[in-house]
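Scroll down for the structure; my scribbles are underneath it.
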Amino acid sequence: MLAERPITPATLSRKDLPWQIKWDINTCTKCGRCTSVCPVNAIELGVFRKRDVKPPMGLSAKPTTEFSTFYGIRQRTDPAYACIGCAMCNMVCPNNAIEPSRQYDSTTLQFHNNRGGQPRTRGGRRNSSESLLDQIKFIRISMLTDPALDAGRHEFDVRTLLGRVLSPEAEIKCFRENGWKPPVREIYPLVIGGMSFGALSPNMWEGLQMGVAYLNEEMNMPVRISTGEGGCPPRLLRSRFLKYVILQIASGYFGWDEIIHAIPEMKEDPCAIEIKYGQGAKPGDGGLLMWYKVNKLIAAIRGVPSGVSLPSPPTHQTKYSIEEAVAKMIQSMSMAWGFRVPVYPKISASSTSLAVLNNLVRNPYAAGLAIDGEDGGTGAAYNVSMNHMGHPIASNLRDCYKALCVAGAQNEIPLIAGGGIGKHGNLAANAAALIMLGASMVQVGKYVMQAGAGCLGSEKDRCNVCNIGVCPKGITSQDPRVYRRLDPEKVAERVVDFYLSFDTELRKVIAPLGRSTSLPVGMSDALGISDKDAADRLDIKYVI
Amino acid sequence: MCRLFALTSRDPVSPMRAIDALNVMKEGHDGSGVGLFLSGLGGPWEELKEYPILSGIFTDAGLARMSEYMTKNGFQSKYSATFKPDVEPPVGTPKRGTYASIAFKIPDEWKGMTQAQVDSNLVQMRLDLRAMGEAEGDIMVFSFWPDTIMIKEVGDPMAIAGYLKLDREELYARHILAQGRQNTNYAINLYACHPFFIEGISTMTNGENTAFVPIREYLMSRGVTGYQGYQSDSEVFTHIAHYATKRLGLDISSYKHVITPMNDDEMRDHPDRAFLSDLKRACRKLIIDGPNCVIGCLPDGSMFMAQDRKKLRPGVVGGNPELGIYGFSSEICGLNAAIPDRDRTKDFQPMHLDTAIVGPDCREVLQCSQKDPLRQQL
Ligand code: SF4
Ligand code: SF4
């Protein structure tokens, strides 16, 4: 660094940065690829000066001083350009001469993430590596009185119902009297949760849609994908693939015009309509699509000018209370499709989730409730929201399921759980645990990005620049120079891969528990945990 | 593993025939208990068809408390068959007191009630007595219903039969369900011993019901008097049979459509597909995964057998229409022992889609497949 470098309150040393660049002068070829690929310009080519004092042998000759310059990589310490640990530099380096490394004791940057009085915003999810779902074990293995089932050979029915299911009495009455039946879809219990067209790059979106179509049409797996707020490309709305899609509407109503206008030309009904009231990663906050990502295409689909930030309000602007909102929105969305499409709200898990559920129990048109826990991901949110707000999914879901049991409406209003499933890669085990705690199906977003497109985000605050449109993998960028890195065909392939393996793993969990012909929703006797308080709270067995 | 044996006959027979059959199948169970359901009673009970019979086990104090309770509710005892063993019980069997079956006259005030109300009141009284007994440990009741006797005890079935003198004439019955073995998954508890009973419907099951907890939660939330207890994971089968027939008004041949619905392929060409897929959807919570063989008896005396979908349990039905006797057994050797003179080629082993039903006339085994059109007009 320059000797005259000013030292101000905001000056940091390299040591203060959580991610530090290790660069090896001996293997570096000075190709410059790393500096050109770095999404946040954390590294730059640097000119270094070196002074060498050469003391000759003997006493007669005087020592000489030599000055030399050499070129290398310099890590910037300005907080605005701090390295995010994405390791793209390493990915492009021909010699592995450079890589970021995490310094856990370097925490000072946290105090400088508010340049210009702007609190930090980022993508990703809660930076916490704990996961209750990972601690849950499946303890009820059929061994003695009954042989366990064979996951590879037995017939399995891994399907679930999305939509209001009538009670047996009501169903029979309805059949006899030929009455109106709420629409119900039989789908695969792992749903791709809402990631909007706008948050995701066109290539990512296309890849996901292709993967879902392939799973449905070639693999006989009725997988569904939610669009997230922000509309849906007009061609998809008018295609037969719409039936695999859950259209989301949120408080900003972005893209909704496009959808309404397409209704008369729709060849198929969408799978369902999801009304987003909240999201686990930023409860009580709306969407934050920032100006960097609002290019012409996004602007056109959302019906807004390009280059402006698009924050959705935290609540539905037109609604006065949750009772009114749930009733009216569900009613009007059902009406738009002639009561042929299930409509359900999505809320962030919170201690008031039960209030929303209570409203749904008495609403004959309510098709389900999606609950998103604190470990959910997002493309953009305030750091404080992500790290500190929200409710864990397991206990929230359990409360809701038990409330339904008391009301006798379990299975009648399907609960869709999300937020941190597969956080550490244990997708099938986490999903199975939630299903046994009472979820009819689960939804994942971040896992899809990580597995389907190689998203670099982690719970160690790695990468997380989804909000500013520079996603090094091209997942959450609207800049064609970046997103062309992502091949939609390859994304589709990965989506199919992880779905098929999820399916096998799920069977490997439920077969030994003796289940095969119906999804073990609420089979809480199968679960155990070595944390007494968690066991009591979730009403599952305490095992150590 | 529980062994199950049921007999249905035109003329009353001794329950010993069923116990003998259990004994033949002994190899498969540990002889830790026995449960008996008797209906279509013969002997002195023939005249008392209208009167609900309370069956259970009482200490002397319990007997007094029970009769006080019955009198308070306006019930008058008409006839009783009580048995107080005077010998030492077999090893492992506790000394309990009096094994009683008492027929009561319903109070006149009940005359104006609907049948459903009467039925539910009878169930409530049984539950009240059970709760009273659980508090003091002096009363155990297994059924309170017309033309029905239930006996349960811990111990080897043969030894218990001798101890309780089960070949008494007053226990002769036309429909008998017998099960050998106490509950092994949970603590030993007479209420956990099969068969289970509610409002004239009784079933027994072997195997393990892996879907027990969600089904139990679902049944308990239905608000039906009597859907409680669940000391055993098999009790839900009785209640599902009750729910399907009494609450939903379905025929017993539809029971299997509730507990083990067909998959989409099987349902594709079914003439009642629309109804069946609705039913599957609505009753999804009641789907069992087995492995189980369910044998049951209905209020009209029909008996049935159904299997889980994977058919991981054997089970056979056979009998002699001339003699008017049929047996339902979890092993073929049990059937051979109980009804040796029958045409064995006519034995029927229900497979994963079948329900075997023998009507009260005991003339034939009705073989219903889930693929058949529904027998019932909807
Ligand atoms: S790890 Fe990523 S942010 Fe850090 S220097 Fe390398 S490319 Fe830049
Ligand atoms: S790789 Fe892209 S999507 Fe993943 S955390 Fe980084 S910026 Fe976000």
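Glycine residues also receive a Cβ, built from the backbone N, Cα and C atoms like all the rest.
Here TrEMBL flags A:19-48 (among others) as domain '4Fe-4S ferredoxin-type'. Counting only same-chain residues 6+ beyond the ends of the domain '4Fe-4S ferredoxin-type' (A:19-48), those with a CB under 8 A from a CB of the stretch are 69-76, 81-86, 88-103, 106, 462, 465, 470-472.
Within the chain, the domain '4Fe-4S ferredoxin-type' (A:73-103) has long-range Cβ neighbours (under 8 A, six or more residues past its boundaries) at 10-24, 26-29, 31, 33-35, 37-46, 48, 109, 112-113, 115, 456, 460-465, 472. According to TrEMBL, the feature domain '4Fe-4S ferredoxin-type' maps to A:73-103 (among others).
The [4Fe-4S] cluster 2 binding site feature in TrEMBL is assigned to A:CYS83, A:CYS86, A:CYS89. If you take the C-beta of A:CYS83 ([4Fe-4S] cluster 2 binding site) and look for same-chain residues 6 or more apart in sequence within under 8 angstroms, you find A:LEU17, A:TRP19, A:GLN20, A:ILE21, A:CYS38, A:VAL40, A:ALA42, A:ILE43, A:GLN75, A:PRO100.
The DSSP secondary structure for A:CYS93 ([4Fe-4S] cluster 1 binding site) is coil. The [4Fe-4S] cluster 1 binding site annotation in TrEMBL covers A:CYS93.
For ligand 1, the neighbouring binding-site residues among A:CYS83, A:CYS89, A:CYS93 are A:CYS83, A:CYS89, by Cβ distance under 6 Å. Using the Cβ center of A:CYS83, A:CYS86, A:CYS89 for [4Fe-4S] cluster 2, the list of other same-chain residues with Cβ within 8 Å runs, in sequence order, A:TRP19, A:ILE21, A:CYS34, A:CYS38, A:PRO39, A:VAL40, A:ALA42, A:ILE43, A:ILE84, A:GLY85, A:ALA87, A:MET88, A:ASN90, A:PRO100, A:PRO472. Cα to Cα, A:CYS93 ([4Fe-4S] cluster 1 binding site) and A:CYS86 ([4Fe-4S] cluster 2 binding site) are separated by 13 Å.
Counting only same-chain residues at least 6 apart in sequence, those with a Cβ under 8 Å from the Cβ of A:CYS89 ([4Fe-4S] cluster 2 binding site) are A:ILE21, A:ARG33, A:CYS34, A:THR35, A:VAL37, A:CYS38, A:ILE43, A:ILE98, A:GLU99, A:PRO100. Between the candidate binding-site residues, A:CYS86, A:CYS93, the densest Cβ environment within 10 Å is the one around A:CYS86. Summed and averaged per residue, pLDDT over the domain '4Fe-4S ferredoxin-type' (A:73-103) gives 95.
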